[in-house]
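Visitor: I'd like to ask you about the structure that follows.
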Amino acid sequence: MLRIAFHQQLKRERLRRGWSQEDLAERIGSDKKTVQRWETGDGLPRPSLLRKLCEVLEKSPEELGLVEQSRINWGAKPATSHFFGRTQELRTLRQWFAECRLIAICGLGGIGKTTLVARLIEDVEAEIEYGYWCSLRSAPPFSQVLKEWLLFFSNQQLSTPPSSAEEQLSLFMELLRQRRCLLVLDNFDALLQGGQRAGAYRPDYEVYGRLLERLGSEEHQSVVLVTSREKLREVERLKGKSSPVRSLTLQGLSAEAGRAILEEKGLFGSADEVASLLRRYGGNPLALRLVAETIRELFAGKIGAFLAENQAAFGDIREVLEEQLQRLAPREREVLSWLAIEQEAVTLEELRADLLRPEAQRELLETLDSLRRRSLLEVQEQGQFTLQPVIMEYIQDELVRCACQDCLRETFLTWEQFAFVKAQARTYVRESQVRMLLAPLAELLCSELSQPALKERLQRALERQRQARYPHGGYLAGNVLQLLLHLQWDLREFDFSGLTIRQAYLQKARLQGVNFSYAHFVATIFQSTLTNVLASAFSPDGQRLAVGTASGEIRLYGSDCEHLLQKLDGHNDGVWALAFTHDGRRLVSGSDDRTLRLWDLESGRCLGILEGHTNRVRALALSPDDRLLISGSDDQTLRLWDLESGQWLRTLEGHQGRVWAVALSPDGQWLASGDGTGTLRLWRLPTWERPLHVLQGHGDQVRSLAFRADGELLVSGSDDGTVRLWEVASGEERGVFRGHKNRVWSVAFSPDGQWLASGSEDTTVHLWRVQTGEPISVLLGHTHGVRTVSFHPESRRHWLVSGGDDQTICLWDYATGHLLARLHGYTRRIRSLAFSPAGRWLAAAYEGEGIAVWDWTSGHLVQLLHRSRHEPLSLAFSPDGRWLASGGQDEVIWLWSMPEGRIQRQFVGHRDWVHSLAFSPDGRWLASGSEDEIVRLWDLTTGQMVHELRAGCWIRALAFRPGGEASRCLLVSGGDDSLLRLWDLRSGTCVRSLTGHNRPVRALAFSPDGRLLASGAEDSQVLLWDLESEEPPQYLRGHHGRVRCLAFSGDGQLLASSGDDLRLCLWQRDGRLRQVLQSGHEHMVRALGFAPSEAGQLLASGGNEGEIRLWEVEAGRLERILSLPRPYEGMNIQGVQGLSTLEKQALLALGAVESP
């Protein structure tokens, strides 16, 4: 509630400015008495006056001592400027508010339930700690709103709630017990099933009833206000005079309040005539406003004349609406329908773009003015247009009914004129359009027609449109396509060739084999080829968004994140860092390929490649004048470059771990860097000899840094899950923000410096208020780790972009928490291959798809293994083929029983990604290596960890030496420090280290007899070690890029190697190069494996493009390609229009074809 006394703070701020109470009152549009009352501690300002007070005093509510706005979210609460009467109802509700837990306000549509609650809030807001307005008009799933409530009422602390709905509900009830909260559930009747007995819920919405039961029957100190057109059976059962559950049935307005509405509308009549009109329309405020327009237009404002002509009795607001709509011109009905589809306020231009007929576009202003005069339209301050909820719901129901009738009659006029779902609508709006329009239409059609009958009607409609060649290319084909996708029917039975496909949302749609030849696509959104997103940056003017991906590709989108403008290709590995020059004409990128590149954005050309780092480039920063470029790398150094010449200037050393983060203050005076030891260094420029401050505080790697716009504060994010705020000048820590459950990958300040965003491996984006350190909200939209967050440079937009390992870019309105747009990518990169020693199975770990098990003899896909949030990176079969182990980004190792594909066990212990797995020769143990720098040994019988071997570097590869008892097995590990470590598993100690590589080791393989060990590394070398001798290793030279994978043949006579250069090198046992196969892979080769020895010399290779290639080694012949079907496999796009070159390239990459 109050952090400090508001009345004291207000008086202090007023006197500081030398104002009198009259002065302040005049500035905020109030009176002296009100200000005087506030300053004596008698009451608090209503929200409208509070906003003006904050503007005038240039203070936030928190700075004035009021409840933090992060704890108030009134969302869709309407304004109360046209509130009339209801004095007695307000008095009753105020009393109940002090005594009750659950209050229901019921009544006809338009009777004023929502406005009454909004007015009540203004009186009681000062008495609560948390306030939340939840509109249920679009019938959101309970799981979705409950997750939002848990976050909000826990002050953003519960980003990972319990898994079961009942546990989440119990946790929610506990929060209501702990603090005084107000929750408004508006339009509860939207959850109820029409045409059933009163109070019956829609399918899958019964859990809301359970919520009401618990809210009314369990002890808590909060209040829940519910509005509904129907009485709610749970409330009716629990209510009573001495019960904490009450129900108010709202009747019509009093004569005095009704007269006030009529006078406001310019009507006149005697007291008896006014009373008669009020009786006829039941005192319903909305009905009175609507009919007032008819009286004013047709009867010159004379109530008596209207009453003499119109004798109909009012039953429900829908009768008034139906009567009003019958009087509308077709163009007015069209605009109303589009406003109901849009669902939220839209601008004139947005509405004009919806209309297809030129005459409708020309007459739009006149039409809107007419609707406004009829009180059917609401015009907001920003010049946007929308409908009242009751009117919107009525129009939506009419649209669904008309669309169904059109289909039954096979006229399809509604389908042609309107889009039931708009592809380019904001994500949360589009999801609501599916719930409120598309899903009800699908349900109604399926209740009226059999599947064959509906299918035939839709096929005939498409054919008629194709023959008619409709000149404007309406919405019909797009609507049919959306309906079929919603029904999950086989689209190959429908021909979309030659049609206009408008406003179709086709992300995540499977369109294999669908015929779109010669179609015209308008405002249609397809799946993207985007891979994991590692970096993002807005251009200085905010018009472009650059993203760096794990595939090495850089993409530039429009600021809406949905339109691809440009692709920059040149890096051959992940792009971790991006920065625009301050004129926005060039872009600098840093990559895992150890280079930095400078790009000209007008031409898309690479202007220069900066080489010098000996390991991955993780971060970069540009000076304000764009002359100095600073980069940070896994080689533990910072490098300074002259951007214009590309010349290396100097190297800054001192970090003891990977340099993950670099940032320059806006004035160019401070350089900050953070490393893998958790240390931050602050350098005062131009002094480069040593850092001015070395900041300690984080307990793990520092992954991200950002300066505030004024350069006074620095923020850091770390693997310890915290976000820390530092004062730059002194180097002192100013705050620790806790809330993430895993490493923090990225941090960013908003342009005005008031907000802070952090993205984490826990899949969430947290927003914090910088001044107080309070969590504002948690944004939930990603399914895997969030690698990057970036604010749009214009504060007024309140836009924030996030991207991560789910191949997704999300655009958020961070002020409301709404997800505005989501761009879904697609990848099926192969990370690991494993042949089963027994049987015909080949397992492949696909990024984004899970684990595919193939019958390699026939090429058939046997099964796909999925586990939520498990992105597999490594695979291994047990020696007997009974078990398949997978390790991945979720830090867990899963053990699958084969061939059933069931999870048998999980091994939990690693704190970072698991890159390597190996079974001991006797199958008793499983070894795992991770980025947490630990090798763990697991007992498969007990599931317990046997050894924890600390290597001191990321572990990339593991291999058991074949032969011998398990207790005498030798385990070899390879990692980022370039050493091979030999571990004695009896003692759990490293008995020997092998040196020879000078870059991270990526691959290990033993010959079947255990004598030879092969290692491959990022130094392009393959080393062959004879462990029976003390001789130095044999260097096998043949690659021109990082070696990522190795495999010995079953007879031990051949060694295969491959990697970034796409070459498959086959070496004889003595180290001589036998042959080189051009792999045919488009991108790097990540995995190799020989089939069991009885299959001869069959080699499998897996690449970034998602193909497995099977080679008959003896003949050097490609035998077969195994490939999962892509989303658009075989989709015909020959002769299509409306697609850019980049969009067409993306469709082809996802499997589309340009031939019949």
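Every residue gets a Cβ built from N, Cα and C, even glycine.
Sequence annotations record features per position, and here TrEMBL assigns domain 'HTH cro/C1-type' to 10-64. Residues or ranges marked as repeat 'WD' by TrEMBL: 568-609, 610-651, 652-685, 695-736, 779-822, 823-864, 874-906, 907-948, 970-993, 994-1035, 1036-1068, 1078-1121 (among others).
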Visitor: Is it true that the repeat 'WD' (874-906) and the repeat 'WD' (823-864) have 3 or more CB pairs under 8 Å, sequence gap of 6 or more?
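Guide: Checked: the repeat 'WD' (874-906) vs the repeat 'WD' (823-864), in contact.
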Visitor: How about long-range neighbours of the repeat 'WD' (970-993): same chain, 6 or more residues beyond its ends, C-beta under 8 Å?
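Guide: Apart from its flanks, the repeat 'WD' (970-993) reaches 634, 916, 918, 925, 927, 929, 933, 935, 937, 946-949, 951-961, 999-1004, 1006, 1013, 1015, 1017, 1019, 1025.
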Visitor: Counting only residues 6+ away from its ends, which parts of the chain sit with a Cβ under 8 Å from the repeat 'WD' (695-736)?
Guide: 619, 657-658, 660-667, 669-670, 672-682, 742-749, 751-753, 756, 758, 760, 766, 768, 770, 773, 912
Visitor: With DSSP helix as H/G/I and strand as E/B, how many residues of the repeat 'WD' (907-948) fall in helix, strand and coil?
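Guide: Summed by class, the stretch gives 0 helix, 24 strand, 18 coil.
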Visitor: Across the repeat 'WD' (610-651), what does the pLDDT come to on average, as a whole number?
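Guide: Residues in the repeat 'WD' (610-651) carry a mean pLDDT of 95 in this prediction.
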Visitor: Summarise the repeat 'WD' (1078-1121) by DSSP state, stating how many residues are helix, strand and coil.
Guide: 3 helix, 24 strand, 17 coil
Visitor: Determine which residues of the chain contact the repeat 'WD' (823-864) at the Cβ level, with the cut-off under 8 Å and only residues 6 or more beyond its ends counted.
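Guide: Here the qualifying positions are 507-508, 527-533, 550-551, 557, 561-562, 807-810, 870-877, 879-881, 884, 886, 888, 896, 898-899, 901, 1083, 1086-1092, 1098, 1100-1108, 1110, 1120, 1122, 1124, 1126-1127, 1150.
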Visitor: Give me the DSSP three-state residue breakdown of the repeat 'WD' (1036-1068), ordered helix, strand, coil.
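Guide: Taking each residue of the repeat 'WD' (1036-1068) in turn, the totals are 0 helix, 19 strand, 14 coil.
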